[in-house]
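Features as listed in TrEMBL:
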- 1-24: signal peptide (SIGNAL)
- 26-126: domain 'Phytocyanin' (DOMAIN)
């Protein structure tokens, strides 16, 4: 019985430790309560995304009544070019998992809707980009020479110091 209890406690500790290091995916409802629709302001989706941090593994949920969602290249995003999408989604409730870091571009499948601002560009960070930055490297070592009052070079010796403020 005591061995079983120890095993249970050990398993609980492992789950807590491992669980704290795994980044949980987040579900983003594109456009919030407005969903994926022709916006009242052309920069609506830009403003919606501007205060969010997207990471690999997060999910975008597009809710819409009509039309489609196209994943496109940056050039097609800027021109609202709908003829050559990377991916096409129809179905009024599209979920897309962000599977790599970098930029993603989505537009409405209807040209006039895209031109009215129904388009979204986001930058996705890899999960390790949110980790604390590494400490700065140590300053380079430089020789510091010590010589006795004698001019005999055999009496001189050197040591290396890390301080960048030491003078020769």
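Placed from the backbone N, Cα and C atoms, the Cβ positions cover glycine too.
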Within the domain 'Phytocyanin' (26-126), residues counted as helix, strand or coil by DSSP: 21 helix, 35 strand, 45 coil
Whole-number mean of pLDDT values that fall within the domain 'Phytocyanin' (26-126): 96
